[in-house]
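**Q** Marked as domain 'Histidine kinase' by TrEMBL: 357-543. Look at TrEMBL and you will find 38-58, 70-91, 98-124, 136-154, 166-186 tagged as transmembrane segment.
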Amino acid sequence: MIYIQLLESMSLIGMAAYLYSQTKTFNKFLKNKSDYKYKLIIITFFSILSVLGTYTGVNIEPYALANARPIGTIVAGYIGGPLVGVMVGIIAGTHRYFLGGFTALSCAISTIIEGIIGGIANVITKEKGVDVSTGITAAIIAEVLQMIIILLVAKPYEAALQLEKVIALPMIITNSIGVGIFINIINNTQEYYKKIGAIQSQKALNIAKKTSIYLRSGFSQEISDKVCSIIYKSINLESIFIAGNDDILSYNGGEVNKERLRERINEYFRFKGYRLIKFQDYNQEKLFYCIPIFTDNNIFKFVIGIQIKSYKSVDRYFSNFAKELSALLATQMELYELDQLAQEVSKAELKMLRNQIHPHFLFNTLNTIASFCRTNPTKARELILNLANYFRQTLKRQDEKIILKDEIEFLESYLSIEKARFEDRLNIDINIPEELLNIKVPVFVLQPIIENSMKHGILLKSQGGNVIITAIDEKDKVKFIIKDTGVGMDENKLNYVVNNWPGIGLSNVNKRLKLLYGEKSFIHIESKLNKGTEVIFSIPKEVF
């Protein structure tokens, strides 16, 4: 009979625990356990729960109770820490003491100790968090100690012993199970809210992923329509709008009085932020939750308005979703702006490279042509045609990338002039498979490297040497190797070059590769003194 009555008491406490675990206050406490405001609320709740456990207890002797009070006290200490456990123990223990009976003092003391044991369990398992098995173990230890304290403190001893024979096993079993159930309820509640949070985060990520391909191109009316449509289809919404500083850019959903909506949006722009706007639309109140998109430098881009049913729809999970979505879309806008900036920098550096190439190359070539005009007029004419082709190709190159075939044609014009200057001291070998001639390559990517190989490698040797240009197909990327048989470098000089990039041409190519393809695409240099140098880089395989 006593088991059934204690189980009934435990069930009542379990129901109260479940109901309270669904409240915002309880979940805020689990997230902010150091906040004293929430600690005070939790102490109050568990104190009431422990007192309820006393009142629903089973009378065994006059003023002696078999009860479920330990459930609230132990769980309070376990989830709230030692302070919460001790405070609940003191309150519930004091209440039990004033009820009287020969076990009043022993029960009061043991209630405080139960709170302490719960707190100790909290400290021991702080890293891994609350779990059922630890809670049950703490409850068994606390209940056994309670029985020992009753035997030691309660008088007369014979009455205490007789009481223990009746209540010891039922209380240890039911209260341990009760603590386990209570903790399981808490864990399930936490898991449920984590899943909701994860689902909302996943929604935000999916939207960001789908919109990223459009936001990479900036933000226009057309892109606004696509972004608005993606968000509308990704979430179960009644309607959604996107608005800029001037007007509504896009709208998806049911019918709406756009003039009224426009008025409210204009008012919103005076005080931008995460907030609600409402207006009367055909005798019906409509609510929109506004999500502003600000970039990192606090520049406002646009606002997304999501129609909601009531103020209650804006819970912390919806708010978190809104903030995550805002941050992700803002990041997409920032990436677009950074990409634009990188392209501008790349164009400026490319222009600087062109300006650097032309003057000294033109001066040297004209001197060579002048020399051939006297000794070999036919060769001079050929060089003039090559020079014209070289400059025509240079002027045509306004894009960031060209096909490899055009780059090789440009290179051949350049190399024919250089070979005429240095004659037998310079030999060029180009090994590029025909199937790679239609891939995209950055403009001016090979010429500065080859010029560097000639200037700092081949031409420093009296007998000259070879420059070998090779392209290797590696499925999703293409590797380029520019190898020379020049003077090479020792380890110290190689380290200096790699760390400082002293030459404009090579440094520019390295920067442009990183800007266009990311940090994984960069120039790698290998060199051995008196043997030569290899310059290696890889780029993604893009076919025109």
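In case you wondered, yes, glycine gets a Cβ from its N, Cα and C as well.
Please situate the listed features within the shown structure.
**A** If you average pLDDT over the domain 'Histidine kinase' (357-543) in this model, you get 83.
For the transmembrane segment (38-58), the list of distant contacts is 2, 5-6, 8-9, 12-13, 16-17, 20, 25-26, 28-29, 32, 65-73, 75-76, 80, 83-84, 87-88, 91-92, 95-96, 99, 111: same-chain residues at least six beyond its ends, Cβ to Cβ under 8 Å.
Within its own chain, the transmembrane segment (98-124) has Cβ neighbours under 8 Å at 50, 54, 61-65, 69-70, 73-90, 92, 130, 134-135, 137-138, 141-143, 145-146, 149-150, 152-156, 159-160, 163, counting only residues six or more beyond its boundaries.
With a cut-off of 8 Å between Cβ atoms, the residues of this chain six or more beyond the transmembrane segment (166-186) that come close are 2-3, 6-7, 9-10, 13-14, 17-18, 21, 30, 60, 64, 66-68, 70-71, 74-75, 78-79, 130-132, 135-136, 138-140, 143-144, 146-147.
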**Q** Quickly jot the same-chain residues contacting the transmembrane segment (136-154) by Cβ under 8 Å, restricted to those at least six beyond its ends, or write none.
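**A** 70-71, 74, 78, 102-103, 105-107, 109-110, 113-114, 117-118, 120-121, 160-161, 163-164, 168, 171-172, 175-180.
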